[in-house]
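Enquirer: For reference, the structure I am asking about is given below.
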Amino acid sequence: MERMELMACTLGLLSLMGVAKGATNQSNTASQLYWQQQQQQLKFSIDFQSIVDDLHEPHLTRTSVIFGLTKVVNGSQVNAQCEAHLRQVQRGILSKQPWAMKVLDASGTKPSGFVYGQNYWLGSREACKGVQRPVGITLSKNFERVMHQGLITQQAPFDMDYRVVYLRHHSPWQVEIKLMSEQIIHIGLCLPSACSSHEVKHLAGEYVGRGLFAENDIYDIRPEVLYMKDLQLGEAFYQRTSFRLLVSCVLVTAALMLCAQQLLAVKKLTSSGEDLGLAPAESELWRALHSLLRLQKLRQLVSCYDVPGNWSKIFAIRESQPQEIPIMNGLRSVCAIWIMIFHVVWFMYFTVHNKTVLISYAEQAFFQYVSSAPLLVDVFFTISGFLQTYNFLRNSVQLEAVRRNGWQQNLKLFGKLLFHRYLRLGPLYLVVMALVDLVYAYIGDTSVYHINERFDEMCSRHWWRNLLFIQNLFDHRDMCANWSWSLACEMQFFILANVLLFLYAKHPKLTKALVATSLVSTIAWSYGIGLRIKFQLSFDAAFATGTEIYTSPFVRVLPYILGAMTAWSLLELRPQLLLSELRERCFWHLALLVFFACIYSTIRRDLGPLMAISLFVLGRLFFSLSVCWMIAGSAQGKGVWWSRLLEAKGFQHLSRLSYAIYLLNPLVIAFFYSLTSASTHADPFMLCVVTCGFAVIVYLASIVFSLAFELPYSNLSSILLRRSLKCLKDA
């Protein structure tokens, strides 16, 4: 019995041991299975990540230029440090490190809008700077955010720079307007500083040459790398002749203004009997200056730079004198601002990413007042022709001297008149020309945009043309400050008018015949040139024929002749309009109607050459005649409500600044647009706001430049003219 119990206990113990062993084996098996599952999951995640990377890499290579450059780089193309940094950028992007993702995001890729001119794939210059240093932004820790925290704080392990590479494309899938250079793709890249621009340009050429550029397959871009900019100001900037001349001019002008103020202060203190109250060294300096300024001619020269006096002249508003024609002030002021509005649109063109839409706006009826604004230059030509003849024929002393003089004396008088014209127009014009050279050299280095009109290069090569006022006799694409063509025309017309006026003083019948012949000739010339070059009113054709039509003095002389003929008629024939008050008002309103009809006459731009040149010539003819009516009527004291508005005294101030406004506004507009880091969207409402801003900036700049470089020389010219007039009277 006991044996049976012992056997039962033994069997129980053995069964318990078996169960325990089975449980242990089961536990070991479960642990082994769990470990195997974890290893398989880890292996799967690694394999999945490598699969994802393998999928991302070809896509990034073909769509991202910066990533594509990291794929084509090898040691034979770039320096070792550049290669290492580019490889690190590639690894950082594939492993999604925050700093590398910021590099990828800051570099440009193709945006939408390519068909209508979106060639600005600039990325973000500010985002590239954020790769170098943390963004200055404070975020509360009280809120949960899904973003990676390193987006703000993590920096690149090496220095990075923002640069722009420029590619010329040959895609048939973009509207080609043929205004300036349009087929230049701008690609902004956030690159390691160790890579030189030359190396990156070579890499970009390698990248597009291998056909890795996805956009080439879709839009048939066929890109060609042109050049690259690091957006840093070159050392040669401060070595430019224009820089030295401009600094010298500013210093000399400032010194003369200071002397003028000291001369004025000494005059006031001397009259009041007060002491200067200066320290001994200062006293000696000012005494030496005062003794130098005792020279009469030098005192007169220095007094021309009197800032308070010139300020008063600019802002002076007074009643119009009987011999003045007040409507000219309004015409000059309104046309100067009107042309500036056109320049806002024209000189933003190199930054606009919807160029096709911008041109379509210009062809709409509502915006004809902007797109036809270049016609307003004829208003200035008409006024100049009128004033030149009007002032010459009214100056009885000078007219009698011309009749009495021999050809040598008249040649001297002609030279004096030309000198005074140059003295009044030249200084501000030449200063602006030097500033144009300097500003375009600056934006050529630092702007993200491809600058098609490199006036710095044109001014360096062709400065002498502008100096002689003959730049409009050459190709308009080679002009330094191409908006100055009208000033060259003004000077050439002034010379021609003086020759004819001198001839008129001695041979009036011959001169009348020559003027009539000139009027017919310019119309015939315009028709002949227009038909020969198949002139059209479309913007691309008008730009291409700018040299033959738009800037040609032989074509543009028409309004000048009409203005001169109006002045001669007013003085020599003294016509008295025997019209009723109603008819007179009707003629005034008809003149205004013709004025705006000519502005809006180009709403249809798809005309044939004969119709186009006829509209161009006859439109300018009637446009100038309407302006002549306004001037002649105002000279006789006649007018209607809208002409009285143009005769308002407030326009006297703007009229004095019109020359500076015309010269400065294109430079100011181009400079401010070039400083932007994102392309411009042409939108009518925003253009209104931007135009108002430019109007204020240009107005303030015009006051400064007129005070420094226009009025002093106008004062000097007046002093010299008074002296010459005194000599003529004594003779």
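Cβ coordinates are placed from backbone N, Cα and C, and glycine is handled just like the others.
Automatic, uncurated: that is what TrEMBL annotation is.
Feature table excerpt (TrEMBL):
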SIGNAL    1-22  signal peptide
DOMAIN    79-222  domain 'Nose resistant-to-fluoxetine protein N-terminal'
TRANSMEM  245-266  transmembrane segment
TRANSMEM  330-349  transmembrane segment
TRANSMEM  369-393  transmembrane segment
TRANSMEM  422-443  transmembrane segment
TRANSMEM  483-504  transmembrane segment
TRANSMEM  513-533  transmembrane segment
TRANSMEM  553-573  transmembrane segment
TRANSMEM  585-603  transmembrane segment
TRANSMEM  609-632  transmembrane segment
TRANSMEM  653-672  transmembrane segment
TRANSMEM  684-709  transmembrane segment
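Structural setting of the listed features?
Expert: Residues 328, 331-332, 335, 338-339, 341-342, 345, 362-363, 399, 486, 489-490, 493-494, 497-498, 501, 539, 550, 556-564, 566-568, 570-572, 598-602, 619-620, 623-624, 627-628, 631 of the same chain lie 6+ residues outside the transmembrane segment (369-393) yet bring a C-beta within less than 8 angstroms of a C-beta in it.
Within its own chain, the transmembrane segment (553-573) has Cβ neighbours under 8 Å at 377-379, 381-390, 393-394, 472-473, 486, 488-489, 492-493, 496-497, 515, 518-519, 522-523, 525-526, 529, 617, 620-621, 623-625, 627-628, 631-632, 635-636, counting only residues six or more beyond its boundaries.
Residues 325, 327-328, 331, 375, 378-379, 381-383, 386, 523, 526-527, 530-531, 534-537, 549, 558-559, 562-563, 566, 569-570, 587-588, 591-592, 594-595, 597-599, 601-602, 643, 646 of the same chain sit 6 or more residues outside the transmembrane segment (609-632) yet have a Cβ under 8 Å from a Cβ within it.
Listed by sequence, the residues of this chain that lie at least six past the ends of the transmembrane segment (684-709) yet keep a Cβ under 8 A from its Cβ atoms are 249-250, 253, 257, 307, 310-311, 314, 337, 340-341, 344-345, 361, 367, 427-428, 431-432, 656-657, 659-661, 663-665, 668-669, 672.
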Enquirer: Below 8 angstroms Cβ to Cβ, which residues of this chain, lying six or more residues outside the transmembrane segment (330-349), approach it?
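Expert: Here the qualifying positions are 179-180, 355, 358, 362, 369-371, 373-374, 376-377, 379-380, 383, 483, 627, 630-631, 645-648, 651, 654-655, 657-658, 661-662, 665-666, 669-670, 673, 680, 682, 687, 690-691, 694-695, 698.
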Enquirer: For the transmembrane segment (585-603), find every same-chain residue at least 6 residues outside the stretch whose CB is under 8 Å from a CB in it, and list them.
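Expert: Same-chain residues near the transmembrane segment (585-603) but 6 or more away: 363, 365, 368-369, 371-372, 375, 537, 579, 615, 619-620, 622-623, 625-627, 629-630, 633, 638-640, 642-643.
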Enquirer: When each of 245-266, 422-443, 483-504, 513-533 is checked against the transmembrane segment (653-672) for Cβ pairs under 8 Å, which one has the most?
Expert: 422-443
Enquirer: Same chain, outside the transmembrane segment (513-533) by at least 6, Cβ under 8 Å from its Cβ: which residues?
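Expert: Here the qualifying positions are 500, 503, 545, 548-549, 552, 554-555, 557-558, 561-562, 564-565, 609-610, 612-614, 616-617, 621.
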Enquirer: Mind checking which residues reach the transmembrane segment (422-443)? Cβ under 8 Å, same chain, six or more beyond either end.
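Expert: Tertiary neighbours of the transmembrane segment (422-443) are 233, 237, 240, 242-243, 245-246, 249, 449, 451, 453-456, 459-460, 463, 466-467, 480-481, 484, 487, 490-491, 659-660, 663-664, 667, 670-671, 674-675, 705-706, 709-710, 712-714, 716-717, 720.
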Enquirer: Could you give the number of helix, strand and coil residues in the domain 'Nose resistant-to-fluoxetine protein N-terminal' (79-222) as assigned by DSSP?
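Expert: The domain 'Nose resistant-to-fluoxetine protein N-terminal' (79-222) comes out at 58 helix, 20 strand, 66 coil.
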